[in-house]
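Asker: Here it is, the structure, as structure tokens.
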Amino acid sequence: MPSYTVTVATGSQWFAGTDDYVYVTLVGTEKCSEKTLLDKPLYNDFERGAVDSYDINVTEDLGDIELVKIEKRKYWMQDDWYCKYITVKTPAGDYIEFPCFRWVTDDKEIILRDGRARLPQNDKTRVAKQHRRKELELRQKVYRWREWHPGFPMSIDANTHKELPRDIQFDSEKGIDFVLNYSKAIENLYVNRFMHMFQSSWNDFADFERIFVRISNTISEYVMQHWQEDFMFGYQFLNGCNPVMMQKSTKIPDNFPVTSAMVESCLERDLTLEEEVKAGNIYIADYAIMEGISPNSTDPCTLQYLAAPICMLYKNVQNKILPIAIQLGQTPGEDNPIFLPTDDKYDWLLAKIWVRSSDFHVHQTVTHLLRTHLISEVFGIAMFRQLPAVHPAFKLLLPHIRFTIAINTKAREQLICECGLFDKANGTGGGGHVELVQKSMKTFTYKSLCFPEAIKARGLESEEELPYYYYRDDGLRVWKAVQSFVTDIVSIYYSSDETVQDDEEIQAFVKDVCSFGMQDQDECEFPKSLKTREQLIEYLTTVIFTASAQHASINFGQLFLGMYPDEHFTEKPAKAAMEKFRKKLTEITSFIKSRNEGKKLPYYYLSPDRIPNSVAV
């Protein structure tokens with residue numbers, strides 16, 4: 001009598017085990033096994049982190065095993081179970097691995113394919129095609145698009161974290177971690193204690209120093225000592241938390257009438273301002289996006305203000321970036337003067353503070369929320385709706401979508417919702433942050449997510465012209481490493497451009513992102529189809545880089561790039577590509593560590609050992 005050995009691995013998450021009844025059915029090309037109860041409750045099987053093996057005897061050979069069906073039945077009360085994978089040893093001694101990495105909930109059946117990735121055109125049998133179709137039909141019922149605010153990218157159709165599909169909720173460890181870290185952050189930043197400061201005028205610079213009391217590390221202490229200085233103000237445009245605002249100037253903006261005479265004392269090359277522009281030494285940071293945004297008015301006793309400044313920056317002979325002119329509004333005039341370093345010390349300092357204030361709002365709402373969190377959620381929802389678990393792109397992208405939808409849902413519950421933390425402690429709270437996202441969506445393009453393209457669009461691609469721009473340099477290294485890894489994976493499964501064109505699932509994925517996620521806005525220029533392998537490589541690289549490196553550079557996190565604890569790929573070429581990727585990332589990490597040695601302001605936000613896989617915080 002033929003015998004199959006089924007090995008079941010339970011997850012290590014809290015409450016991953018179960019006392020419920022678990023049944024397995026093996027589906028072969030010739031026959032199906034009887035539904036088999038693997039063990040009875042209370043026998044210490046299916047415990048957290050356990051790997052248990054069971055023998056299944058059949059009367060006839062089943063042929064090639066195509067599917068494994070798992071079914072859980074309630075023993076006493078519903079008890080969710082997290083299955084990592086199932087391995088089947090055939091009578092011939094072959095081992096077939098069926099990755100799961102899913103929660104089995106209620107009295108539902110889960111059907112697993114073996115771990116080999118397959119494109120839709122590669123599936124030939126009726127069973128395989130049917131499984132693929134049914135999986136997507138079920139996912140599309142569960143992962144539904146919804147508009148949270150008009151003009152926003154679409155989000156998941158769920159009001160609370162508890163309403164999310166179980167597989168994308170925080171596991172209990174991560175959920176507890178979120179609550180603890182949220183509370184700890186509030187405590188560490190003295191948000192409650194200083195709330196009255198946020199809702200009233202600050203009286204002196206000691207207020208800033210008190211905010212820094214609980215943020216104690218070498219860099220923060222150095223910044224605290226030098227934050228009022230022009231070189232530190234300029235350096236933050238290169239390597240601060242929002243290093244995406246500065247662009248090379250090709251002409252003096254019409255609405256920023258800075259003259260050569262105004263800044264003559266700042267120029268170090270015996271050139272006029274116009275000549276410095278032509279030489280490539282003048283840069284502009286323009287916060288026009290802030291014009292017309294409503295300031296926070298949630299407290300009727302507190303008046304709050306927003307600025308939409310333009311800042312001119314100069315690369316001096318030491319290649320330092322220094323501010324040389326600031327206008328706090330977009331329309332020049334007597335009531336909107338241009339501030340200069342030659343002005344009174346505190347007039348100039350306050351002008352820089354207003355620029356930093358605007359930079360904060362753009363950073364938090366546009367660079368961070370919209371361009372990493374919300375767009376990664378769009379990619380994630382479209383992935384779940386259009387790519388089955390057997391698709392190589394699903395296996396590739398899943399680690400980079402992990403917990404993203406959950407963290408965004410939590411944010412909509414607690415942070416950016418009405419009466420959330422944004423309303424209490426942010427100048428754009430009470431609706432201004434919503435207006436800022438809506439306005440930013442009108443200029444949000446696909447190419448702006450492609451890191452090399454974004455750098456080039458701002459005229460900052462030359463390391464020789466603009467040294468010390470570590471965000472650019474490290475970002476390009478990581479981008480190339482991700483691109484190389486994606487190229488290796490794509491080459492395994494796509495033999496030609498025609499293979500890409502014939503992949504109806506990958507085409508549905510990119511169309512869903514554009515037509516639903518981005519609401520088919522003409523300005524966004526997200527592709528609705530992919531014609532070549534190069535386009536596919538760029539698209540997948542963009543998704544991974546946005547969720548990992550770009551988010552890390554402006555937020556910083558945990559759970560590092562290249563580390564894949566859930567192995568969805570089982571083929572040797574794919575595993576070899578992952579190992580090659582890890583080695584490249586290790587090389588980049590070593591380079592950055594060596595470069596940072598001895599620096600008072602080391603830059604490590606794009607060091608791969610500090611880049612989280614996904615937008616999970």
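Any Cβ shown, glycine's included, is placed from N, Cα and C.
Heads up, TrEMBL stuff is auto-annotated, nobody curated it.
So TrEMBL has the following annotated:
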type: BINDING; residues: Gly17, Asp79, Asp80; note: Ca(2+) 1 binding site
type: BINDING; residues: Asp39; note: Ca(2+) 2 binding site
type: BINDING; residues: His368, His373, His551; note: Fe cation binding site
type: DOMAIN; residues: 2-118; note: domain 'PLAT'
type: DOMAIN; residues: 118-617; note: domain 'Lipoxygenase'
type: SITE; residues: Trp103; note: site 'Essential for stabilizing binding to COTL1'
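Tell me what's around each of these sites.
Answerer: All protein chains shown were included, and the count of other CB atoms within 10 Å of the CB of Asp80 (Ca(2+) 1 binding site) stands at 16.
Here Asp39 (Ca(2+) 2 binding site) comes close to Val22, Asp45, Phe46, Asp52, Tyr54: these same-chain residues lie at least six apart in sequence, with C-beta atoms under 8 angstroms from its C-beta.
Packing around Trp103 (site 'Essential for stabilizing binding to COTL1') is summarised by its Cβ count: 20 other Cβ atoms lie within 10 angstroms of its Cβ, all protein chains included.
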Asker: For the recorded Fe cation site, whose residues are His368, His373, His551, find every other residue on that chain with a C-beta no more than 8 angstroms from the centre of their C-beta atoms, and list them by sequence position.
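Answerer: The surrounding set, listed in chain order, is Thr367, Leu369, Arg371, Thr372, Ser376, Gln550, Ile554, Asn555, Val615.
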Asker: Just to verify a number: CA distance, His373 (Fe cation binding site) to Trp103 (site 'Essential for stabilizing binding to COTL1'), in angstrom, no decimals.
Answerer: 24
Asker: Roughly how many Å separate the Cα of Trp103 (site 'Essential for stabilizing binding to COTL1') from that of Asp79 (Ca(2+) 1 binding site), to the nearest whole number?
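Answerer: Cα to Cα, Trp103 (site 'Essential for stabilizing binding to COTL1') and Asp79 (Ca(2+) 1 binding site) are separated by 10 Å.
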Asker: Taking the centroid of the Cβ atoms of Gly17, Asp79, Asp80 (Ca(2+) 1 site), which other same-chain residues have Cβ within 8 Å of it?
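Answerer: The answer, listed by sequence position, is Phe15, Ala16, Thr18, Asp19, Asp20, Phe46, Trp81, Tyr82.
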Asker: Take the C-alpha atoms of His551 (Fe cation binding site) and Asp80 (Ca(2+) 1 binding site) and report the distance between them in angstrom, rounded.
Answerer: 32
Asker: If I restrict to non-local contacts, at least six residues apart, and a C-beta distance under 8 angstroms, what lies near His368 (Fe cation binding site) in its own chain?
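Answerer: When sequence neighbours closer than 6 are ignored, His368 (Fe cation binding site) has His551, Ile554, Asn555 within Cβ distance under 8 Å.
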Asker: Validating a neighbour-count step here. Other CB atoms within 10 A of the CB of Asp79 (Ca(2+) 1 binding site): how many?
Answerer: 17
